[in-house]
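Visitor: Sharing a structure with you now.
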Amino acid sequence: MARDFSLKNTRNIGIMAHIDAGKTTTTERILYYTGRIHKIGETHEGASQMDWMEQEQDRGITITSAATTAQWDGHRVNIIDTPGHVDFTVEVERSLRVLDGAVTVLDAQSGVEPQTETVWRQATTYGVPRIVFVNKMDKLGANFDYSVSTLHDRLDANAAPIQLPIGAEDEFEAIIDLVEMKCFKYTNDLGTEIDEIEIPEDHKERAEEARSNLIEAVAETNDELMEKYLGDEEISVAELKNAIRQATTDVEFYPVLCGTAFKNKGVQLMLNAVIDYLPSPLDVKPIVGHRAENPEEEVIAKPDDSAEFAALAFKVMTDPYVGKLTFFRVYSGTLTSGSYIKNSTKDKRERVGRLLQMHANSRQEIDTVYSGDIAAAVGLKDTGTGDTLCGEKNDIILESMEFPEPVIHLSVEPKSKADQDKMTQALVKLQEEDPTFHAHTDEETGQVIIGGMGELHLDILVDRMKKEFNVECNVGAPMVSYRETFKQSAQVQGKFSRQSGGRGQYGDVHIEFTPNETGAGFEFENSIVGGVVPREYIPSVEAGLKDAMENGVLAGYPLIDVKAKLFDGSYHDVDSSEMAFKIAASLALKEAAKKCDPVILEPMMKVTIEMPEEYMGDIMGDVTARRGRVDGMEPRGNAQVVNAYVPLSEMFGYATSLRSNTQGRGTYTMYFDHYAEVPKSIADDIIKKNKGE
């Protein structure tokens, strides 16, 4: 079957913004005007097409990025609606990885907001071209000029309006197109009737000045245009459009548009801009991968239907009707349903059961997907987020996605025995869907610990376990896994002797304990000569030490980074046994605890905090108050980055604290780095607590 839309006429775009900027409503209107839906659903009524999870409709926020496809002006537009909440940045990262362009939605009253900065930085990392849609022009306090100025001040972006609004708030009634110098007036509530009129006299001067600013901003990226501009030559509409398109595709310029999705104004013109200025898969740099067999050898996945098939899986989700759905972006070649492909990341063969074109949560079955398409596959068993899919003879691995480690952990336990198995299944499925969600059983406490990107993230996952998997569970407070070690060396004896009629028990060992290097773990050395401890009992001595070290010597935490050298001992022909030497070794460790200066260690996290410079003082003070050590600072764009080491026990609730300290404009990542000694006063508290004092 031939493709419906050429690659040149395909657009893969994301809609991204701060929470509540009107992103989902904007997507809804796109679907309405492109004929995909017949009734418009409002987010605040909980009936939006793109927000299809129950939790999303309850909270009125977008959690998962629903993918949908629409047609406009002879083009196919694949749209991914991304969440704007900081706890769901992984969804934004996933989407940006597979998009060719994006529409950044701003609230006309607030302009660039904290989460806009975060997603903008992510889009810059992935080199995604953007256009900006200043939404909510009908809102009280809407200010287009202010919104544009925040793009310059907060993002340092080379952005300029390609449209101007006529009026604002209740008076917002028309839009001036600065490229073609036309004016569009809306005449009905649904925004389907638009009159093209002359630019009103009292707005002409303002429009001409804005057009001149637009040409100047674009000319900075285009020598040919700059020459014409400086020579006062006439610049045609076609020349200006081409220059804007080129500069936008090169991520050197960001066109700014205006409208109100809620009141149905400006969305069709924004769709025209998507077609005119955002790139097709042919206009962006082809993705570079490497050979699975030889990571040094680069392979280019060209956007060409006749090339070898290569795609990237960017999202896995469980669908209530068809089971596991794998969303993927095709970079080269084609794929037909029912065929076999290779997951080159995991070196597994997969069969594609069915191929689906997604529309929020409804779907249409298709036979073939082509290069540049975004679709979902049913039947892939081993494929996870970030995996490369390719033809069976191909062995390309596309650059995968890196996801941050969880920053908050909680314990969960099922309320009843019946919930136990269901909870295990639910956790497996949720981890498949979300690479930033981790679950494991703590061997020391036996608790199931879940980790995620923030309180809201885990709150929603626990909620999903309840609603989708019918699992009731209790959520506890998180706990830190401490460790213990020795700071001094000592030689000690461990002797176990018991006579109680009949055969007795006898084992005697002399062991030298010394601190080992950080991270080196436990090392056992046997230096017995002359058989004072028979060879068959040596493994029992080592096993006895290992068992005893699991429970520590101070507060019940595992003892790590210690060397033990068995250098002397004695035995009894009749009474000695493996068990006796095991016990003797554990007694030696108890004795060492009195002489080797044992201490408690805590996990230290490497924390990287990014925020606008004005919050630097507050952040540094907060890090110090949390017993943190600042390791360096560096500027990044118009933000500052602080690197620090902070104890994990001090990092709980940090997301909330950072949000309030930076008015939501800071972001952070953290991961485990090493174990370090706990200050004595805190260690004493831990010991008391664990001994139940």
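A Cβ is built for glycine as well, from the same backbone N, Cα and C atoms used for every other residue.
Not measured: the values here are computed from a predicted model.
Per Swiss-Prot, the feature GTP binding site maps to 17-24, 81-85, 135-138; the stated evidence is sequence analysis. What Swiss-Prot records for 8-282 is domain 'tr-type G'.
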Visitor: How many other Cβ atoms are found within 10 Å of the Cβ atom of MET137 (GTP binding site), counting all protein chains shown?
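Guide: The Cβ of MET137 (GTP binding site) has 28 Cβ neighbours within 10 Å.
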Visitor: Quick one: give me the count of other CB atoms within 10 A of the CB of ALA17 (GTP binding site).
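Guide: Step by step: centre on the Cβ of ALA17 (GTP binding site), count other Cβ atoms within 10 Å, giving 30.
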Visitor: Could you give the mean pLDDT over the domain 'tr-type G' (8-282), rounded to a whole number?
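Guide: On average, pLDDT over the domain 'tr-type G' (8-282) sits at 82.
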